[in-house]
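Q: Pasting in a structure now, in structure tokens, and then I'll have a few things to ask.
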Amino acid sequence: MFHRIEEALEDLKQGKVVIVCDDENRENEGDFMALAEYITPETINFMITHGRGLVCVPITEGYAERLQLEPMVSHNTDSHHTAFTVSIDHVSTTTGISAHERATTIQQLLNPASKGADFNRPGHIFPLIAKEGGVLRRAGHTEAAVDLAQLCGAEPAGVICEIINEDGTMARVPDLLQCAKQFDIKMITIEDLIAYRRHHETLVTREVEITLPTDFGTFQAIGYSNSLDTKEHIALVKGDISTGEPVLVRVHSECLTGDVFGSCRCDCGPQLHAALAQIEREGKGVLLYMRQEGRGIGLLNKLRAYKLQEEGFDTVEANEKLGFPADLRDYGIGAQILKDLGLQHLRLLTNNPRKIAGLQGYDLTVTERVPLQMPAKEENKTYLQTKVNKLGHLLNL
């Protein structure tokens, strides 16, 4: 059904267009994609004629800084946190909307001699800033375009355009397959691009391994660093996990207030202890402790969210009030650590279906969801109910 990443790379190097699809549980969309370095008016015209979506230019942070491209909004509330900058036209264009002038703007965006003052704002080209680490950090079209450009040895920038059907509806996989056949275009998935990158590179480094006796039993503690940020993560491993059988795994995001201080606002501490105890009972398993405090927003922002909850907001509303998504956690680094440990098939200790989807998007297989429900307390009943109602957690309250 889909083409190999290597096939798409060969076409992109020749200046051709490919179709890139994301996960059905995400946007479930396909975009035309070409290398910005080889963009022509003809390619732009093809995209806007047959794609009908918005023409965007995924770039690295370096381009945005050099050209002084500020974020489009101060607080990004997009559900996928797409990092739009201000839209631009090159000063040499007139209206900036024609295929020729849009191609000119893109070409000048890549010109190393260009400066921020060389572009009018707003305009008709929409730059998007890709996250460092690409699809291993965020499985979006923005990151896919920059990754593909880099894999081609080209300037790290792409041109993308969503594909919309003639009736105005979004093109899904059956429509995209027909489109690819009609125009003889290679079609790939972001999932396959993730797998390709995972096969060829890694972002985590195993730094140190020790024996760690705990109140729950003795584990091997393995410390990891990563090349995306300064966060350090730790895996507690019990027994022989190299047999190829599904392994009991808990991916636990750091919660200082719950894990260390025993906060009753959440169930994190009891979940951590219960997971360690269950792994010890089974004699085999992994607890991966990820430094993603407050579902990824950090300790101080979590405390600010708690303050808003005291004023009547729930946990999701508090995050959004602070300008964050409900859940900012990233599973790419955790997935790489689990792969480094030799794991492929997981029995995942979780109540969160999104965690399952997040890990499976990185070439891991969750063979079983193992519930990890703790008794509710008066102080966290509302919090847990919100996780059920708004975050889709599987709890019996």
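Keep in mind that glycine also has a Cβ here, set from the backbone N, Cα and C atoms.
What Swiss-Prot records for this protein is below:
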| type | residues | note |
| --- | --- | --- |
| ACT_SITE | Asp327 | active site, proton acceptor |
| ACT_SITE | Arg329 | active site, nucleophile |
| BINDING | Arg26, Glu27, Asp31, Arg138, Ala139, Gly140, His141, Thr142, Glu162 | D-ribulose 5-phosphate binding site |
| BINDING | Glu27, His141 | Mg(2+) 2 binding site |
| BINDING | Glu27 | Mg(2+) 1 binding site |
| BINDING | Arg250, Val251, His252, Ser253, Glu254, Gln271, Glu293, Gly294, Arg295, Thr315, Thr350, Lys355 | GTP binding site |
| BINDING | Cys255, Cys266, Cys268 | Zn(2+) binding site |
| REGION | 1-199 | region 'DHBP synthase' |
| REGION | 200-397 | region 'GTP cyclohydrolase II' |
| SITE | His124 | site 'Essential for DHBP synthase activity' |
| SITE | Glu162 | site 'Essential for DHBP synthase activity' |
Q: Say you check the Cα of Asp327 (active site, proton acceptor) against those of the recorded positions His124, Ala139, His141, Glu293, Arg295; which is nearest?
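A: Answer for the nearest of the recorded positions: Arg295.
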Q: Judged by the number of other CB atoms within 10 angstroms, which among Arg295, Arg329 is the least packed of the recorded positions?
A: Arg329
Q: Work out how many Å separate His252 (GTP binding site) and Ala139 (D-ribulose 5-phosphate binding site) at their Cα atoms, rounded off.
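A: Distance between the two Cα atoms comes out at 21 Å.
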Q: Looking at GTP and its recorded binding residues Arg250, Val251, His252, Ser253, Glu254, Gln271, Glu293, Gly294, Arg295, Thr315, Thr350, Lys355, figure out the farthest C-alpha pair and report it in angstrom, whole number.
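A: Taking every pair of listed residues, the largest Cα separation comes to 23 Å.
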Q: Look up Arg250 (GTP binding site) in the DSSP assignment and report helix, strand or coil.
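A: In the DSSP reduction, Arg250 (GTP binding site) maps to strand.
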Q: Tell me the Cα distance separating His141 (D-ribulose 5-phosphate binding site) from Cys266 (Zn(2+) binding site), rounded to the nearest angstrom.
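A: Rounded to a whole number, the Cα-Cα distance is 34 Å.
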Q: Select the closest residue to Arg295 (GTP binding site) from the following recorded positions, measuring between CA atoms: Asp31, His141, Glu162, Cys268, Arg329.
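A: Given the candidates Asp31, His141, Glu162, Cys268, Arg329, the nearest one is Arg329.
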Q: Using DSSP reduced to three states, classify Asp327 (active site, proton acceptor) as helix, strand or coil.
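A: Where Asp327 (active site, proton acceptor) sits, the three-state DSSP reduction gives coil.
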Q: In the same chain, which residues outside the set Cys255, Cys266, Cys268 have their CB within 8 A of the centroid of the CB atoms that define the Zn(2+) site?
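A: Other same-chain residues near the Zn(2+) site: Thr257, Gly258, Asp259, Ser263, Arg265, Asp267, Gly269, Gln271.
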Q: Any idea what the Cα distance is from Asp31 (D-ribulose 5-phosphate binding site) over to Cys255 (Zn(2+) binding site), rounded to a whole Å?
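A: Between the Cα atoms of Asp31 (D-ribulose 5-phosphate binding site) and Cys255 (Zn(2+) binding site), the distance comes to 38 Å.
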Q: In whole Å, how far is the residue listed as 'active site, nucleophile' from Ala139 (D-ribulose 5-phosphate binding site) when you measure between their Cα atoms?
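A: If we compare the Cα positions of Ala139 (D-ribulose 5-phosphate binding site) and the residue listed as 'active site, nucleophile', the gap is 13 Å.
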